[in-house]
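Chemist: Structure in structure tokens, see below.
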Amino acid sequence: MTSWNFVCLSLGSNLGNRHEHIRRAYASLKKAGIRNLKSSVILETKALLLEGAPKEWDLPYFNSVVIGETQLSPDELIEEIKMIESRFGQDASLKWGPRPIDIDVLFYGDEAFSYHSDKCTIPHPKVLERPFLLSMIASLCPYRRFRLEGSSCNGKTFAELAAIYPLTEEDALGSFGSATQIMGIVNITDNSISDTGLFLEARRAAAHAERLFAEGASIIDLGAQATNPRVKDLGSVEQEWERLEPVLRLLAERWGAAQQCPDVSIDTFRPEIIRRAVEVFPIRWINDVSGGSLEMAHLAKEFGLRLLINHSCSLPPRPDCVLSYEESPIEQMLRWGESQLEQFAQVGLDTSWQVVFDPGIGFGKTPVQSMLLMDGVKQFKRVLECPVLIGHSRKSCLSMLGRFNSNDRDWETIGCSVSLHDRGVDYLRVHQVEGNRRALAAAAWAGMFV
């Protein structure tokens, strides 16, 4: 029987949606049969460039380290890694150039294992030159020893190596939790409960989207029609498009040729808005607050988009139209989710990744029901077998914790975000990106989620 061997890999990305590329690479490694995978935090670092490299290659990297166990030999593992990289459109001829994903084998087997072929060298010959790697390795296996005959570091633990070659403030540009991505909210409306009227002007909305991306959002959700309980008139398609179109055109100018950019999501329940949007900007997500109509599912299939299905008992939500009090809200949402996913699978969507489930915190749920639904993330992921997003940011259910206006609930939002990350949520939709991103990274670094 083939034995299982320890493996330590580094993952890096400095093109496109870097956080999403790290996530996809991690999922691909699991599919390749690497078991018991654990990830470090993601650190953003400056690019390491050869002298004379083009200036346009100077793009910051997202880096993480993963450990696990594999039955593949070193050469077989390298071949698997090359296949994964090729699926990202990797140009192998650009050595040291920008890339959507770069996966290196750092260590393999027991501590004394060394290997050299035309495909790889183990231990990785550059590992001691990269303090950010040593820091991440030490967070996962601090007492494993570095073994390399002739090296002054031979026999030292990674905990000690991380102290000898410390990660400095200049080395780390930022940090991110590896498991959960953040969707930043841009409300292009005059009647939202939060940020109302702040981003009606297209240039302000586009600038806010850029700021949220800079703060750590890997997805930007643009909404030009409010659907909160205070809304009486949902307005027309033309009114919604009049607000959304100029923002999309500005972002197309700014991100169209950008080498690093987020995914863009459109928050709408109107298929016509999606049809118009794809003509203006290469959007990646549909955020359907109506729960995912079949027409929206067909659009997701046609254009290769991800479909976020947000449950709501009514549109706009009404206080007299909520989930049943006689049954667990989690069970009610599971039935609804299973029914929706079955329909979307028949349309041809891959529900394991293309459909994202959102139980709709505050949309036809009491504060207690919303609290219970946030506690149900693990059940949703286990039963539905699809990604889960929670949109709890500044919601009225948080008023149970104190009398704060909607724009002053970010502390409560962040506290819930940390708890949701611990439950394995895939995406968090929030207004205040930087605070959530920093809190999740700190919690991950402290060992809560690695």
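The backbone N, Cα and C atoms fix where each Cβ goes, and this holds for glycine too.
Given the structure is predicted, the values throughout are model-derived calculations rather than measurements.
Take a look at what Swiss-Prot says about it:
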| type | residues | note |
| --- | --- | --- |
| REGION | 1-166 | region 'HPPK' |
| DOMAIN | 180-441 | domain 'Pterin-binding' |
| REGION | 182-450 | region 'DHPS' |
| BINDING | Asn187 | Mg(2+) binding site |
| BINDING | Thr227, Asp267, Asn287, Asp358, Lys395, Arg429, Val430, His431 | (7,8-dihydropterin-6-yl)methyl diphosphate binding site |
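Explain the structural surroundings of these features, please.
Modeler: The Cβ of Asn187 (Mg(2+) binding site) has 26 neighbouring Cβ atoms from other residues within 10 Å, across all protein chains displayed.
Neighbours of Val430 ((7,8-dihydropterin-6-yl)methyl diphosphate binding site), defined as other CB atoms within 10 A of its CB across all chains, total 27.
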Chemist: Fewest other C-beta atoms within 10 angstroms of its own C-beta: which of the binding-site residues Thr227, Asn287 fits that?
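Modeler: It is Thr227 that, of the binding-site residues Thr227, Asn287, has the fewest other Cβ atoms within 10 Å.
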Chemist: Excluding near sequence neighbours, so keeping only residues 6 or more apart in the same chain, what lies with its CB under 8 A of Asp267 ((7,8-dihydropterin-6-yl)methyl diphosphate binding site)?
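Modeler: Correct list: Asp221, Leu222, Gly223, Ala224, Gln225, Asn287, Val289.
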